[in-house]
Amino acid sequence: MAEAPSFDPAHPWGGNSRNATVDVNAQYVGFEYHYTYLVFCAFIVWLIIPGIGLLYGGLSRRKSSLTMLFQSLMVASVTTFQWMFWGYSLAYSRTANAFIGDLANFGMMKVQAAPSPGSVYLPEVVFCLYQMLFCACTVQIVVGGSFERGRILPSLVFGFWWATIVYCPIACWTWNANGWLYKLPSLDFAGGGPVHIASGWAALAYAFMLGKRKHHGEKSHGKPHNTTLVFLGTILIWFGWFGFNGGSALNASVRAMYAAFNTNTAASMGAIGWVLVDYIRTGGKFSVVGACEGAIAGLVGITPAAGYVSCWPAALIGFFTAVVCACLQDINEWLNIDEGLYVFKLHGIGGMVGSFLTGIFADSAISALDGSTLAPGGWNGNGIQIGKQFAEITAISSYSFVVSCILLFMMKYIPGLHLRASEEAEMRGLDLDEFFDEQIGESDWSNFVRDDMIAHGLPKHVSTDQGALGSTDASMNGQAMEPEKQS
């Protein structure tokens, strides 16, 4: 078998490829399948980004739905720039300290063909692409905290700086070989801490700093305007998660395949768990949105555990995480924070549950499926691992929430970056306030239209013709409609 590639500090670019004097591909001969697999995983992870946009857009009221779709595209774009500019270096530079990287790879310097810090089987540019998409997904989850009242431009500026001072340091702690959580070690296969716990607490901070939404008894408040978008977004997220977890072994080993199997298992059991809670709560009724939320809760729970646990514990993790999240239906009222997309419930709490259960069920027989990693947990008698997982949970939770609050507080006083839309814009809808020519797809919720108009003191007897109103929230444009003519 060919000798595995190794990083040569004398050639940090991976060799001089100018004028074809060195074939930088030669060092990977016999191992091409590893980086081919990882590139494929990166491609399908990208689908999570529009998936989140569709999910959030469907859960929103129609008048603010387009904002969530637009942000999914722009967050990916802004995060790409941030990652190329300095994000990758702050998270993964080889000369990082225990808390954050330096600027050794600033501006993609030396990020090319050399074996990556994550795996010697991957050219560094492949590793950089894969991890960039993790950052983009995480920031997209965070901006869900601006739901239905946060302005777009400040959310994008916040996303850039949040990725810089929150996500990158936490990724360095967790996955950089010099990071303090990596050395502890805490077990986090694909992002229970940097992705889910961090984003959940940051979204809660965003909602807290924005304050509650304004509404005057509209029946559309808190109701998804398009269940089809929710379903489609969930399907894209579920599919993308095969690459998210399946690629996090950073090789094409049996462990990677097992992680993909666990991913589907946990999502399926999560859907069952949430639907079961809904069925009991409602006296025998089902919910498409509930099934989607359950699948996502299962995916969140298995993220830190996918490459550490066997299939039946994976099923339990998915089921239990979904049941816990489903039982916290009133968490916004308990916290007195209007976090309308329940990002904290699904990602924050779901991530903490998954991380904790990883410490219990981690099995060195599963981690060893890559041929080298031994990661015992309570399952193998290593009970101290549960305490290490708790250290990860508390450190990431507190850091993400506190730093996010500070960053948002500072932005409130920067001219042009006030976080919240005006009350008038909020009532009319962010889409009418932020965009000049588009509308989300048509829908006919005539009853909601009439109820919302009555709540705002508009005439009761109006035409609900779809061509005139367009949707449930067309009545939110602040203009009274013409009363129907009497025959």
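Indices start at 1 and increase along the chain as displayed.
In case you wondered, yes, glycine gets a Cβ from its N, Cα and C as well.
In TrEMBL this protein carries:
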- 35-56: transmembrane segment (TRANSMEM)
- 38-435: domain 'Ammonium transporter AmtB-like' (DOMAIN)
- 68-86: transmembrane segment (TRANSMEM)
- 120-143: transmembrane segment (TRANSMEM)
- 155-177: transmembrane segment (TRANSMEM)
- 189-208: transmembrane segment (TRANSMEM)
- 229-250: transmembrane segment (TRANSMEM)
- 256-277: transmembrane segment (TRANSMEM)
- 286-306: transmembrane segment (TRANSMEM)
- 312-331: transmembrane segment (TRANSMEM)
- 343-369: transmembrane segment (TRANSMEM)
- 389-410: transmembrane segment (TRANSMEM)
- 464-487: region 'Disordered' (REGION)
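Across 120-143, 155-177, 229-250, 343-369, stretch 343-369 shows the highest tally of CB pairs under 8 A with the transmembrane segment (286-306). Residues 28, 68-73, 75-76, 121-123, 126-127, 129-130, 133-134, 136-137, 140-141, 144, 147, 229-230, 232-237, 239-244, 246-247, 250-252, 256, 292, 296, 341 of the same chain lie 6 or more positions beyond the ends of the transmembrane segment (35-56) yet place their CB under 8 Å from a CB of it. Highest Cβ pair count under 8 Å relative to the transmembrane segment (389-410), across stretches 120-143, 155-177, 312-331, 343-369: 155-177.
Within the same chain, residues 71, 74-75, 78-79, 81-83, 86-87, 90-94, 96, 98-101, 117-118, 131, 134-135, 138-139, 142-143, 146, 186, 188, 193-194, 198, 202, 206, 392, 395-396, 399-400, 403-404, 407-408, 411, 417, 419 sit at least 6 positions outside the transmembrane segment (155-177) and bring their C-beta atoms closer than 8 Å to a C-beta of that stretch. Long-range contacts of the transmembrane segment (343-369) within the same chain, counting only residues at least 6 positions beyond its ends with a Cβ under 8 Å from a Cβ of the stretch, are 141-142, 144-145, 186-189, 192-193, 195-197, 199-201, 203-204, 207, 253-255, 258, 293, 296-297, 300-305, 307-310, 313, 316-317, 320-321, 324-325, 328, 331, 375-380, 382, 385-390, 392-393, 397.
Highest Cβ pair count under 8 Å relative to the transmembrane segment (312-331), across stretches 120-143, 189-208, 229-250, 256-277: 256-277.
Counting same-chain residues at least six beyond the ends of the transmembrane segment (189-208), those with a Cβ under 8 angstroms from any Cβ of the stretch are 134, 137-139, 141-147, 150, 158, 162, 166-167, 170-171, 174-175, 181, 244-245, 248-249, 259, 300, 303-308, 335, 337-341, 343-352, 354-355, 358, 392-393, 396-397, 399-401, 404-405, 408. Confidence in the domain 'Ammonium transporter AmtB-like' (38-435), given as mean pLDDT, stands at 94.
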